[in-house]
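The following features are taken from TrEMBL:
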type	residues	note
TRANSMEM	36-56	transmembrane segment
TRANSMEM	68-88	transmembrane segment
TRANSMEM	119-140	transmembrane segment
TRANSMEM	193-211	transmembrane segment
TRANSMEM	264-284	transmembrane segment
TRANSMEM	296-314	transmembrane segment
TRANSMEM	326-347	transmembrane segment
TRANSMEM	359-378	transmembrane segment
TRANSMEM	398-418	transmembrane segment
Amino acid sequence: SCNLSKVSGLIFSGCSVLHHSTAAVANPAFRRFQTIFLRAYLLALWADWLQGPYLYKLYRHYSFLESQIAILYVCGLAACVLFAPFSSWLPQVLGRRPTCLLFCLCYSACCLTKLSTDYFVLIVGRVLGGISTSLLATTFEGWYVHRHVDVHDFPKEWIPVTFTKAATWNHGLAVGAGLVANLLAEWLHLGPVAPFLLAVPCLLCCAWVVLTDWGKEEAEGIPQGDKQAPINAPNGGVTHLSAKARFSRSCYEGLRCLLSDKRVMLLGGVQALFESVLYIFVFLWTPVLDPHGSPLGIVFSCFMAASMAGSLLYRLATSTRPHESFLAFLLLELACGLYFPALSFLQGRIIPEEKRASVLAWFRLPLHLLACLGLLALHGEVSGAGEGEGGSGTRHMFGGCAVMMLAALMAVVSLFTLGRNDTDLRVEGNRGGGEGF
């Protein structure tokens, strides 16, 4: 699961939310619509978080080698890379709500594959997991934004109110999921597969809410015209684009925006470098701490609590002493707590809204490729060095992560230099003066 880094899709900058939250909360129609959305979305997030603490442990429980587990992780990331462009196209073909139902079905099947010890079945499960992760990152929010703007005609400024609330709940769900997973797997001795089985009824409940509550919501609103989108024709009239044409146009516009604005390019570089480290970290933290008997669910909850706090601190540890490694991992999550809202704020200010989805899809391409290359390099070192599962491969990988973080820091400095005098990149309270972002 890629859930340690999916917070970026949730957290909007909180600087401008306070100006609009009072009016939004006072609107009963908006509150009802928000509740209907969050009821399904939070169930989906809860099911995703449950799978975080014991994925690696499950594969080790099935007696797979670290190099084999690395290939399983790569299969999931490769599925993310290949399916990411289609995750924004699929709702245009099937509709947004059916695509959310497809996510629930696909992720449930992914969880059920964990009951098998067959390597090929587990690979299929990882591919399903990668597809589900791409759908979770786009379809639920896409449904909400469409209904919010195009159907209910609520102010766009109210959108961050909902996603800030979702982000707050998301952190709490992540901490709670680690505790529940630890309870099932270790305290009740049900084994590392138990959290995955618990995720299935959660996903079925999510599907029920999407099928019933969201269905009623759509029945009460204006019928959706998802199949086609109007554009201005050369003769001044209006024509319609097919889903395939819209997909091609979206990819082209996103790539053009990415290549034409150096700030967007730098922001994409920062995101790819930083978050690819997180993907590799998802793979590495369990084999570092598990041999020392660490309760993985509790450790996972600590990571999520550290991410809630946020910090500028990041330190890389290659020490074999578990306490120092655990502290370093907490510092990484503290850095994540600051990184994700800052990145979302910059994305909102730098990338045009109409091109944001396609630009972010291009961002995810190098992100997942870097993570895949890192895990493949680790697989090659572990299987070819002859030093066993605990050889120098992990230490070298941490060193590579440090290099990527330094490259991300250089990109941030370049971005800061370019945007230092740009008033759009100042938080609301600093528009009048002072330093930039």
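Here, residue 1 is simply the first one shown, and the rest follow in order.
Glycine residues also receive a Cβ, built from the backbone N, Cα and C atoms like all the rest.
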Top Cβ-contact partner of the transmembrane segment (398-418) among 68-88, 119-140, 193-211, 264-284, 359-378 (pairs under 8 Å): 264-284
Per Cβ pairs under 8 Å, the stretch of 36-56, 68-88, 359-378 packing most closely against the transmembrane segment (193-211): 36-56
Non-local residues, at least 6 beyond the ends, that sit with Cβ under 8 Å of the transmembrane segment (119-140): 1-3, 6, 9, 37, 40-41, 44-45, 48, 51, 59, 62, 64, 68, 71-73, 75-80, 83-84, 86-88, 90-91, 96, 99-100, 102-103, 106-107, 109-111, 113, 357
Same-chain residue ranges lying at least 6 outside the transmembrane segment (68-88) that approach it to Cβ under 8 Å: 1-2, 56, 59-60, 119, 122-123, 126-131, 133-135, 137-139, 142, 247, 250-251, 279, 282-283, 357-358, 361, 364-365, 368-369, 371-372, 375-376, 378-379, 382
